[in-house]
Amino acid sequence: MAASTEQTLPDPDVEDGIKYWASQPASYDGVLGGFGNGTLPRVDALGSRQFLQHLLPELCTVPSAIRPLSAPSATSAPRRPRALDVGAGVGRVTSDVLLHLFADVLLVEPVAPFVAEALRRGRASASLPAGAGASIALDENPMAVPWKGVRARTTSVTFVQATLQEFDPARPSAAPKARVLGRVGYGSAEGGGDGAGGDDLDSGFDVVWCQWCLGALSDPDLVAFFKRSKAALRDPARGLIVVKENLCSETGEPRAVFDESDSSLTRWVRSMSRGTQVLMVGTMQVGPCVEGVV
């Protein structure tokens, strides 16, 4: 692992990164680097939900002090709330965070075994018998917990295989190398879903969620992705790009660390907004991560 205070580090190589992650298990433990079998998935998911509801109180699905009295539910609002989950792995954030707050999620992942497992999990949830798996706790067997609303077809997930270097959130259907693998839940065929992405594929997002994946982008690719994501927000005044990443310490000189194993960069926090002219609001979460809104 190499570190530098200057721009002398190599850029991430997307093919090397995909090759590394394709060699890891397609499971929570695999995508979380060996931390998927303890309390981390639950603590991380709950912290993410709280963070989103703090910034967008209308997403709260139960009566509370933060939810506006006039706010409709996610599935009964005039416009169904939509989220984009990029670098989504096996669908952990989609299932444990976003489907609890949004009606429709577009899941994007470049690693074939990961996105195939996410699609399998989504289809399994869509075809569950009524009541099956309802008693499974997230900290007992997170991979077996049914995806909220998918069987009842009140929520939906669309699955796309693509790299962030090529993917355009404003026009998912136009990305030349993106593959729409299927959709489950609302707007899909009966049973386990169909192979279509739905007619809302290019309808924009209320939130773009980026977690533990932006290190795979070079600085120019990162800036370009942020700009494309900003263009995909339905409401520029309320829409959010959420970044949850491991970051270098803010003490001392700005620096970055290059990890040869998966060809990724860990950046200094302020470098995440380089060239984007954005406002960052952030909170620290206990553990090896930071989350913020761009």
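Backbone N, Cα and C atoms are what each Cβ position is placed from, and that goes for glycine too.
The S-adenosyl-L-methionine binding site feature in TrEMBL is assigned to Gly87, Arg92, Leu164, Gln165, Gln211.
Features per TrEMBL, on structure.
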residue : record                               : contacts (Cβ under 8 Å, 6+ apart)
Gly87   : S-adenosyl-L-methionine binding site : Val108, Glu109, Pro110, Leu164, Cys210, Gln211, Trp212, Cys213, Leu214, Ala216
Arg92   : S-adenosyl-L-methionine binding site : Tyr28, Val31, Leu32, Pro41, Ala45, Pro142
Gln165  : S-adenosyl-L-methionine binding site : Val14, Leu217, Asp221, Phe225
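Spread of the S-adenosyl-L-methionine binding residues is 22 Å (greatest Cα-Cα distance among Gly87, Arg92, Leu164, Gln165, Gln211).
Around the Cβ of Leu164 (S-adenosyl-L-methionine binding site), 23 further Cβ atoms fall within 10 Å across all displayed protein chains. When other Cβ atoms within 10 Å of the Cβ of Gln211 (S-adenosyl-L-methionine binding site) are tallied across all protein chains shown, the result is 21.
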